[in-house]
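Peer 1: This is the structure I want to talk about, given as structure tokens.
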Amino acid sequence: MSTNKGWWVPPEGEDSVSAKFLRKSRESPLVPIGLGGCLVLAAYRIYRLKARGSTKMSIHLIHTRVAAQACAVGAIMLGAVYTMYRDYIKRTAQDAGEK
């Protein structure tokens, strides 16, 4: 019995995982930026693990987690502020300009 790896095709109307990720990235570009920042920051802190000095391992990992979460939450907050600006302030200015 031969195994064909490319036999599964998503049903019509359903996107592949990469197409869905690209579409979601275009809708809200700050989410992948926040995720990337989180991963880069975590990788950097793990790389710096050897140079932590006399700091306990648990404290170093807690600081890494907090910094990575701050990056992700910051990206979410920027996205929320941009959405509020786009939906309320910009739209209100356009409505006032039309009158």
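Just so you know, glycine gets a Cβ as well, placed from its N, Cα and C.
Keep in mind that what you see is a predicted model, and the values were worked out from it rather than measured.
Here TrEMBL flags 1-94 as domain 'HIG1'. Taken from TrEMBL, the feature transmembrane segment covers 30-47, 67-85.
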Peer 1: Residues sitting near the transmembrane segment (67-85): Cβ under 8 Å, six or more positions beyond its termini, same chain?
Peer 2: 28, 30-31, 33-35, 37-39, 41-42, 45
Peer 1: Report the DSSP secondary-structure composition of the domain 'HIG1' (1-94) as helix, strand and coil residue counts.
Peer 2: 71 helix, 0 strand, 23 coil
Peer 1: In this predicted model, what is the average pLDDT of the domain 'HIG1' (1-94)?
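Peer 2: The answer is 81, the mean pLDDT of the model over that range.
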